[in-house]
């Protein structure tokens, strides 16, 4: 054949003459195509890998080629990679030979097997030297090749060089490829900035663009931003597909917006885009994660009844996992048996891991290992997450020998011991106060390239504080803070005060991307992410708690100020720990300042914080202030307005001096909202006793008893003591009888005082009867007697005999007066 002969002689093919036969646009006959394929292989294997040298022959030969014959040459490993890349560029510039899907699949292996950057960039430069514009397909291939190999930095660099160095305008396809790389890299702000550039440069986004971005936003936890993009997509006239809806659905479910997710499901049906199995599974998973397992089961049965949904492996995994999270382990195991017996569904690695975790959480660790063995027998290889689940279970029950053995098994089976593996082990060791061994594991992490997380540091710092190794704990914190602080990283790389918060960071990234500095923006965000671990509020709480335990409150307060200076928001635990310790050391003013700071910053103090504050105010005889503090808390507690009629009514009764009626109203409010807690009322009761308002205290005691609310032993003790002082012995006996019915054991002085008071007031029979009942419920009456009245073995037969003699009332009175 003429074409083949010319190629084999290494001479450029002559241009066709005027009398040459016309070429059919539908493509050459099969025989001509085969000959052209042979010629193409010969051409690429003999001519220099230079596009100027190959171009004349390729131009003539192209009339006999098809996308398939080009793809065949691209896939031929015997041909020089450089020549094949030039063929790829040539075919990408020819509409008839262009087949993006086919050629991308063919060229990506070339790029993965060779020096991708150098080879492709040389080919693009060759095309420019031959007077051709570099095709976007070249950069598409580069981005895909790097992304598939996990080389995200190189993928972004290819995109940056595409326009900045080679003047090739990105297509929507290239933009989408880079956006996916950015999302997978965890730099969603850069992806959003690049999307803005895509729009402003006139490249219209398509459905794939929005799917990628919304998926990234949803995984980042910013569902509201994903919904805004969804609305923008609709405004552009782009019709969402099932994947788009499913991404949004998953986001809504993860954010707990189940009603909105349900509406979206219905909207999909109304728009003729029926939900698929993935969408239904996402919704069921959302219900289970929200603890609404029963509702998930009901909806599942409805879907199965209508035939819209077949219960498959994914659905069973979600349902069983939801039941385990709800603590309904027996039902979870029953569903697993149902799956095996009634369907042809077989468990996979995910479901086996769910079952292993369920067994571990239910305390059935032996069963968990049975599942692990079964999993191996069926040919599944347990992954790191699966092993970590078992490791945590062993550490939680304190079986550190088993945990060490499991880690050895992981290493022997070439299972990666990741950061989570080491952190779980460190937590387990610290709980057992084996801090030195935990530090060894921490050092090992650095040797094997496992970066510690904030949880790792928190566990170690807490363990060091508990072991009283305060200086080592501080040093570890400073290492964590100074070596891995993004704020410090930003100041060093950008200059002081250029970036102060996430909003200014997003503006900076937008500015970089708009000016074409996408790679620089990518490096900036990845630098922040890769800078490591940042101390979080939990870290600071651990440090504050440690300082409080060693009574270094000034140091704890200084650390509290550091939290705010570094942009963190102290949480309920931060405030609660400090307020509690300040109150214990009688620093009420400092505690009140912190409490007010929490309210002003929008925080919601917990019940324990309110209780601590009210106890402190009561100790200082500021009972009214303590009660008003609770009235201020109620609207927030029950999500009511401050002017709510019921709360206003209770407050008015209190202001009018009817505390007992106010308490009655407040208990009714608690009952209506299903949240009856005795703590505020018992605190007030003790406060009333301390203020010598015994009648009011007794009224609250009666109301609590009436509503069936347990009165604490501390309240009964205070009330009994003060009633004895007031000589209200009938009420004191009633309170003591209440404690006996509740099986409370009061302290020795309380019982002594009441029995002595009864005897002094000539109520010998009441004293005798009460003493006997105290003895029956478990009081050690021997503790109420002096040593001189006890016999050699320490018992008091004399006293017990007196209790049994109804006629010896004079003896018991004399006995109690002498020994009580």
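Every residue, even glycine, has its Cβ placed from backbone N, Cα and C.
Just so you know, TrEMBL annotations are computer predictions that nobody has curated.
Features of the protein shown, as given by TrEMBL:
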REPEAT    206-240  repeat 'PPR'
REPEAT    241-275  repeat 'PPR'
REPEAT    276-310  repeat 'PPR'
REPEAT    312-342  repeat 'PPR'
REPEAT    348-382  repeat 'PPR'
REPEAT    383-417  repeat 'PPR'
REPEAT    418-452  repeat 'PPR'
REPEAT    453-487  repeat 'PPR'
REPEAT    501-535  repeat 'PPR'
REPEAT    571-605  repeat 'PPR'
REPEAT    606-637  repeat 'PPR'
REPEAT    677-711  repeat 'PPR'
Taking every residue in the repeat 'PPR' (606-637), what is their average pLDDT?
86
With DSSP helix as H/G/I and strand as E/B, how many residues of the repeat 'PPR' (606-637) fall in helix, strand and coil?
28 helix, 0 strand, 4 coil
Six or more residues out from either end of the repeat 'PPR' (418-452), which same-chain residues have a Cβ under 8 Å from its Cβ atoms?
384-385, 387-388, 391-392, 394-396, 398, 400, 403, 407, 410, 459-460, 462-464, 466-467, 469, 532-533
Just give the helix, strand and coil counts over the repeat 'PPR' (418-452), going by DSSP.
26 helix, 0 strand, 9 coil
The repeat 'PPR' (571-605) - residue tally per DSSP class, helix then strand then coil:
26 helix, 0 strand, 9 coil
Cβ contacts under 8 Å made by the repeat 'PPR' (383-417) with residues that lie 6+ beyond its boundaries:
349, 352-353, 356-357, 360-361, 363, 365, 368-369, 372, 375, 424-425, 427-429, 431-432, 434, 448, 450
Summarise the repeat 'PPR' (241-275) by DSSP state, stating how many residues are helix, strand and coil.
26 helix, 0 strand, 9 coil
Tally of residues which DSSP labels helix, strand or coil - the repeat 'PPR' (206-240)
27 helix, 0 strand, 8 coil
With a Cβ cut-off under 8 Å, give me the same-chain residues at least six positions beyond the ends of the repeat 'PPR' (677-711) that come close to it.
607, 610-611, 614-615, 617-619, 621, 623, 626-627, 630, 659-660, 663-664, 666-667, 670-671, 718-719, 721-723, 726, 728, 731, 735, 738, 742
Where DSSP helix means H, G or I and strand means E or B, what are the helix, strand and coil counts for the repeat 'PPR' (453-487)?
29 helix, 0 strand, 6 coil
